[in-house]
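If you check Swiss-Prot, you get these features:
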type    : residues                                               : note
BINDING : GLY34, LYS35, THR36, GLY37, SER38, GLY39, LYS40, THR41 : ATP binding site
COILED  : 176-364                                                : coiled coil
COILED  : 392-502                                                : coiled coil
COILED  : 535-802                                                : coiled coil
Amino acid sequence: MKPLHLKLNNFGPFLKEEIDFSKIDNNELFLISGKTGSGKTMIFDAMTYALFGKASTEQREENDLRSHFADGKQPMSVTFEFQLNHRIYKVHRQGPYIKEGNTTKTNAKFDVFEMVDGKYEIRESKVISGTQFIIELLGVNADQFRQLFILPQGEFKRFLISNSREKQGILRTLFDSEKFEAIREILKEEVKKEKAQIENRYQQIDLLWQEIESFDDDNIKGLLEVATQQIDKLIENIPLLQARSKEILASVNESKETAIKEFEIIEKKTLENNILKDNINQLNKNKIDFVQLKEQQPEIEGIEAKLKLLQDITNLLNYIENREKIETKIANSKKDISKTNNKILNLDCDKRNIDKEKKMLEENGDLIESKISFIDKTRVLFNDINKYQQSYLNIERLRTEGEQLGDELNDLIKGLETVEDSIGNNESDYEKIIELNNTITNINNEINIIKENEKAKAELDKLLGSKQELENQINEETSILKNLEIKLDRYDKTKLDLNDKESFISEIKSAVNIGDQCPICGNEIQDLGHHIDFDSIAKRQNEIKEIEANIHAIKSNIAVHNSEIKFVNEKISNINIKTQSDFSLEVLNKRLLENENALNNQRDLNKFIEQMKEEKDNLTLQIHNKQLRLNKNESELKLCRDLITEFETLSKYNNITNFEVDYKKYVQDVNQHQELSKEIEDKLMQLSQRKLIEQNNLNHYENQLETYNNDLELNEQSIEMEMSRLNLTDDNDIDEIIAWRGEQEELEQKRDTYKKRYHEFEMEIARLESLTKDKELLDSDKLKDEYELKKGKMNTLIDEYSAVHYQCQNNINKTQSIVSHINYLNQELKDQQEIFQLAEIVSGKNNKNLTLENFVLIYYLDQIIAQANLRLATMSDNRYQLIRREAVSHGLSGLEIDVFDLHSNKSRHISSLSGGETFQSSLALALGLSEIVQQQSGGISLESIFIDEGFGTLDQETLETALDTLLNLKSTGRMVGIISHVSELKNRIPLVLEVKSDQYQSSTRFKRN
C-alpha cells in the first residue's frame, strides 16, 4: 500500500489540509518535522482513521480526533487515496458528530472507490461493510496495520516483544497460514468422526453379543462370557457357539418328528372310526326311507297311464293346430296378390309421364353440344383467367418501365466512363506510405536522442556543479575541522578531571593538618593553600566542550554532504548520453517536414484513387443491377404479349369480362341439362326396377297360395286317420284329453322324482353296506382323549422347535454381523491409523510440541529474523543477533524472540536491551518482515512504512547506520516516512514534510534542504 493523496477536514489541528505524497520522487526517504503538538502524528492518525475508523495509537479515541476549533456545523472527515497492487483506491470517512443546534448525533459515513478507466467507481457505501472491504483488500486489521505500515509512538517495538499468540495473529494474516489451521481442524473432526464410528461399532458388537440366545446351555453360556473387546477371542468362539446351537436344534427336531408320527397314527384311527360310525347310521336311515318310498308305487302307476294317453294324442292335436295356421296363410296370400296388381298399374302410369319429359329434353341436344365444345376448348383459359387478366393490366406499365430503365442505364454507363477517365493510369502506393512513415520515425528518434542528450548534458553539468560545490564545502569544513582538532589538542587536559572534585578536596583539607600524612598519596602535607585553579579548569572545560560540539556539528555536516554526494553520484551514474546523428537539429527538422508533406500528399492521392475506385465499383454494380432489371422487364413484357395472343386466339374474345360471363352461363346451362337428363334416366331406371320387383312378388304370392291349398288338403286327410286310430268320434273326446295337458308337466316331474329317489336309495344302501361289512366300531370317547393328548404333545414340540430354530438362525445372523463388524473394524483401524497419527502430529503432539500452523509460522519467522540480522549486524557493529526462543509447549509457543550478545556469547531476553538497542532491533525486524512478506505470496503489498519517533535514543554513530539503512530502502521500492525531533535528521534527509502550527491550526508543506 502506497499513499498518494491525503485530505483532512477538521481533523486534529488541521481544519482544511491536503498532503500530496506523489511529490515524493522514487520512494525517497522523507522526514515529518515540526514542533511538539503541531500534529505530526495526526498525519498517521488520519491515514489509519480513513482506512479503519481508528487512530494510529490505541490510546486515542475517535472523539479525540475532531478539531476543537472546527465549525460546529461542519463534520470531521478524511479522504485518502492510495495505490495497491497497481490499482488506485480512494476512501472517504466522515466521523459522527452532534451538529450545532441539534440534540441527536449525525451518523458516520464511509465510501470506498476504485479508479477504473480514469474515473472513480464506488465499491462500498456503508461503514461496517466498507471497513470490512478495506480489511480484506489490505489483508490486515487496524492492530496489524499499526505493526506493519505505521509504527506509532510507544508501539514501534510491539512486534519485537510480542508473545507467540500475538505474533501468530500477525504472521497468520501475512502468510495466509489459516489454511494449515483449517487442515488441523478438518483432521481433528475426521478423527473424532472415525473414533465415534469405531466406538459405535464396538457398541453394536457388544449389543449383538449380548442378544445371542444361550438356550440355558452351560457350554454356550461359557462361550458368551468372553468380553466383547476381545474381538480375536470372539472370532474364535463363534464357530463353537454355532456348532453347539445346531446340536440343540437337532435334538429338539428329533423329539418333534417322533411326536408328529404318533399323532398322525391316532389321528388316522380316530378318523376311520368316525367315518364307520357315520356310515352305519346313514345305512339304517336310508333303509327306513326306502320302505316309505315304495308305498307310493300305485299312485305312480296311475300317473304313467295318463301320460301315455297324452303322448298318443299329440299327433292329432298337432294336425288340428296346423290346419288353423294354413287357413290363415291362404287368406293373407290372397290379400297380397290384390295389392301387388294395384302397384303394377300405378308404375305403368308413372313411366308414361317420364317418357314425355325425356322427349322434350332431347329436342335441345344440338345447342348443348355446341356449348360443351366451347367449354372444353376454353377451360384452360378460364382456370388461369387471373394470369390473362393481369397481362392486360401490366403490359402498359411494363412498356413505360422498360423505357425508363433504358434511359437510366445509358446515364450510368456515361458516368462510369467519366470515372474511368479520372482514374486513368493512377494506382494507390501504400508501400511508399510505409517507407515515408519509417523515415519519419527514424528522424523523430534522432531528434529525440539529440534533445534527450542535451537535457542529460544540462542535468550532468548541474549535478557536477552541485557535486563540486559539495566537495568544496566538505574541503572547507574539513579544513575547519582540522584546525579545531589542532586547537583541541593544544589544550592542557591535565587536572581537568579535578573540576568536579573541588568539594571533595575541601573536605579532605578540613580533616587534615600540616605535617599529617596525605590519605591519598601518603606524603607529608607541607601546605594547605589553594594549589589548584578550579575557575581556570572550568573555563578550559567549557572551551573544550564548545570545540567538541563544533567538531561534532561539522562532522555531521560532512556526513550529510557525503550522503548528498553519494546521492548525486547515483544520479550521475544513471545519466545515459546516447550516440546521436551527425546532422544538426535544424537539418533533421527540415527533412522531417519534407517527408511529412510527401506523406500527406501520397495519402491524399491514395484516398482520391480509392474513392474513384469505390465509385467505379458502385457504378458497375448499379449498371449490373439496372441491366438485370431491364432484362427482367423485357421478359415480363414478352410473356404478357404471348398470353394475350393465346387468349384471343383460343377464345375469340378480346375482353376478359365478357368471356367470363359467357363461359359461366354456358357451364350453368350444360350442368342444368346434364342434371335433368340424369334425373330422368334415374327415374326410369327406378320405375323399371320397382315394376320388376312387384312382378316377382306377384308370382311369389300366387305360388304360395297354390302350395297352401295343397297343404290344407293333406292335413285334413291326416286328421281323419288319427281320429280313426284313437277311436275318437267327435271333438268332445278330444277336448277332455286336452284338459289333461295343463297337468302334464307336474305329473311328469312327480313320476321322475319318484324313479330318481328309488334308484338313489338302491345305490346308497349298496354302497354303505359294502363300507360297513366286516368292520368293528371302537369306543369314541377313549379315542378322543388319546387324540387330544397326542395333539397337545406334538404342538408343544413344534412350537419349541420353531422357537429354537428361529433363535438358532437369529444367532447365526448376529454372529455373522459380529464377524462383519469385526472385519470392518480391523480394516478401519488399519486404514485410519495414519490419519490418527497425522492428526496428533499437526495438533502439536510431536517431539517439538508444535502445531502445523506454528511450525509453518516458525519457518517464516526464522526467515524474517535471518533477514533482520543482516541489518542488525551492521547497526549494532556486529554485536547483536536476533534469535528465536526454542522452548515450546502445547503448540502455542516458539514465536518469542530473544537477542544473542556476541560479546558475551550468550542469549538474553529482549527486554534487557537499552532503548537505542531496542529501536535498532525493532527497525531491523520491521524491515526484515516487510521484505520476506514481499518475497512470499501472502497477498499483502508492503510498499510503505512510517516510523514515529525512536531515533532520539540513538547515539551519533548508530543514528548514521540507521539512516543509511533507511536510505538503502529506496532500491527496494519502499516509501519510508519518519517523525523525529532529532536535529541531525533535518540535515541528513533532503526531503522534509514540514508541519507548522499557529496555535490555532496547522499546515504542511514539502521542502528540500
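Cβ coordinates are placed from backbone N, Cα and C, and glycine is handled just like the others.
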Those binding-site residues listed as LYS35, LYS40, and which of them has the most Cβ atoms within 10 Å of its own Cβ:
LYS40
CB-centroid shell, 8 A cutoff, ATP site GLY34, LYS35, THR36, GLY37, SER38, GLY39, LYS40, THR41, site residues removed:
PRO13, MET42, VAL995, SER997, SER1002
Count of other CB atoms lying within 10 Å of the CB belonging to GLY37 (ATP binding site):
13
In this predicted model, the coiled coil (392-502) has a mean pLDDT of 81
With every protein chain in view, what's the tally of Cβ atoms within 10 Å of the Cβ of GLY39 (ATP binding site), excluding that atom itself?
25
Close in space but at least six residues away in sequence, with Cβ under 8 Å from that of SER38 (ATP binding site), the same-chain residues are PRO13, VAL995, LYS996, SER997, SER1002
Around THR41 (ATP binding site), how many other C-beta atoms are within 10 angstroms of its C-beta?
24
GLY34, THR36: which of these binding-site residues has the highest Cβ count within 10 Å of its own Cβ?
GLY34
Once the DSSP letters are reduced so that anything not helix or strand counts as coil, what is THR41 (ATP binding site)?
helix
Where THR36 (ATP binding site) falls in three-state DSSP terms:
coil
